[in-house]
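Now, the feature entries from TrEMBL:
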- 68-85: transmembrane segment (TRANSMEM)
- 97-115: transmembrane segment (TRANSMEM)
- 127-145: transmembrane segment (TRANSMEM)
- 152-173: transmembrane segment (TRANSMEM)
- 193-210: transmembrane segment (TRANSMEM)
- 222-239: transmembrane segment (TRANSMEM)
- 310-329: transmembrane segment (TRANSMEM)
- 335-358: transmembrane segment (TRANSMEM)
- 378-405: transmembrane segment (TRANSMEM)
- 411-433: transmembrane segment (TRANSMEM)
- 453-471: transmembrane segment (TRANSMEM)
- 477-496: transmembrane segment (TRANSMEM)
- 512-559: domain 'DUF6798' (DOMAIN)
Amino acid sequence: MNKQKEFYNNKLRILIYIVLFLLSIFAWYQYTYDLDIKNALWGSSPFEFLETRKSYIHVLGYPSGIEAMVGSFFMYIYIFLYDILHIDGLIAEKIVIFFEIFSKIIAAYIIVNVLFKDEQTVKKDTIFFILALFCISGYALYSDLSRFANPFFVGLYYNIADSFRLIAIALFLKRKFLLGAVILSLSLLTHPLYAVIGAFFIFSCFVFAFKHFTKKEYIQIFLSSLIFIITLVVVYFNISLNDYLEVTQKVSKEVFIQWSLFNNFHWYPIEYGLFGVYHYERFLGFITISLLFLYSLYAKEKLTFIDKQVFIGWLSMIFLTILGVYFSWSKESVFMIKLSLTRASLLALEISILYIVYRFVSDIFNVNKSIIIRSLSFVLLISPFLIKAPFSYGISILLIVYHSFYNRKNLQYNTLFIMLWLLIVSSFILLVYYSRAGLIDLNYYENYFGTYFLVKLFIVVTIVLIMGNIIKLKLLKVIGLLGMISFISFLSYAWLSSRVLLKENIQLYAKDYKAVQLWVKNNTKKDAKFLLDPSLGSGWRLYSQRASFGTYREWTHNAWLYTQNFDYYEEGIKKFNEYNVNLEQARYNIQPRLQHYKNLEQDLQTYFYSFDKLWFDKVAQKYDLDYIVMIKSQIKKELNYNNVYDNDSFIVYKIK
């Protein structure tokens, strides 16, 4: 212990925390840098929610669907900032993103110190540091099977709800049941599904530990359940009594499935080829993380009772994920499709990453470990910053196989060992099947095998570790720790610098689209209606504060799919049918389904720029439209309308 104090003192600890804080601030800067034009281009932003809430443009035109955000109590924070404190909507969004980022970091700190409370401070701090960076950068959490982006900071409720449930899980494992119930209830108020999935994780842990509680703890568990149930009732009434979310007539199951298959990126992993032609995108990474999680538990010298509870909770998340895949495939229930239980895969990933980072850091720090294991652990640890996958499958298999060979005399053939090797063999058979079916895409070779840079890095790290064993320096541990922290910090910084900001061409395009909106706001009547290129996103209303005819995704998804509002569906399909699209065409019935959306959106845009003036006059008269907004580069015909505004990317025509 004295040696640790000499090696890892308060000054070094403060330095590491300062580095993490600075990287977090830089991450916030990067995620908010282009926020105004991202909102203008893509829409569905909290700022737009605030602006349209007080406007009547959704009554004049077609809604974007953003009103559904009122289903989360979290949005009342924006209302408070906007209405009471009179903070600008964009500033409010940036403030919330700041808290999003730091909520994830705080959650990481709490859960690391609960799961690994008996470890050395230097090890806990290093695990926390790396885990925090994985929360804000890199692709460690990318393999969510519901296809949500991670990391993802846009001022919405997802990260806050996730942070609350991780903290709640940590508190329940620490047997702080009442406080855990309060925190989990906050998650429930923020995003009900995230909290329910977290509650199932906790429930699984309770079932496993049922005989180990005292009478006082049973009473606390009962009261905790009561707190959660009462909050659940509050959430139910908030949703059911909301004017926008309350629907008198819903679309049929057949209609819902037809259009959600065309448009929703999260609900149908099988139809989207996630387990087939696109397996390398997320499924391979999910398998790899599962392998490394089992390996991390198996390689641990002694599993604590908390470790065993976490393992049961992880299994429950795998169960929910499989259940979610089944319901999305069987399509038996619209409710179960919308529930999207495949989101449980995110919590499984987060728990797995905790133990994987613990295993890697433990092995890297252990000078008695095989140098090969330490080098492979380091290479895998930094790989999420270098490849678009959590960890390379091939390098992970190499580590596990080498570890088993190196420790062959002391192998324990327990449940974890059997599960680990069954998964290895099954994954190998699956990859052989993919290969024979022609589904292996070598353009993504790094997800399978790693990169040449990782091979070179392995060689360099191995040489450094060998030299470290030969050269006896008093400050060697300090140099090694600072070197690792510096290198990982640089990779996180580089990732944030290159992956978060919009590309220059998209940035210019988005700025032009915002400029169009601002011109419209300042130079047209408040009740003017606009016909937009149907391929544009949902950001039109934010800065223009004008009604629109709607866009393809709004007609067929955003405005009505989550609420199943039949009136919005009927109106949206009526507008969609103005384009005379034959949905029976072969190009709309191909596998994987992800191509449907792209093909249909491209075709609608092609039709839009192929129509003559008669079509535009007819639609304008039918829907009382005043202006047309077009992308300059797509225009094929002269429409002989009055050009009232244009810039490098867009042109606005006045119809009447």
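A Cβ is built for glycine as well, from the same backbone N, Cα and C atoms used for every other residue.
Here the transmembrane segment (477-496) sits against the transmembrane segment (127-145); at least 3 CB pairs are under 8 Å, leaving out pairs fewer than 6 apart in sequence. Counting Cβ pairs closer than 8 Å and at least 6 residues apart in sequence, the transmembrane segment (127-145) and the transmembrane segment (193-210) reach fewer than three and form no contact. When the stretches 193-210, 222-239, 378-405, 453-471 are ranked by Cβ pairs under 8 Å to the transmembrane segment (335-358), first place goes to 193-210. Taken together, the residues in the domain 'DUF6798' (512-559) have a mean pLDDT of 92 on the 0 to 100 scale. Counting residues 6+ beyond its ends, the transmembrane segment (97-115) has Cβ neighbours under 8 Å at 20, 24, 27-28, 31-32, 35, 124, 127-128, 131-132, 135-136, 153-155, 159-160, 162-164, 166-167, 169-171, 173-174, 306-307, 310, 354-355, 358 in the same chain.
For the domain 'DUF6798' (512-559), the DSSP counts in helix, strand and coil order read 24 helix, 6 strand, 18 coil.
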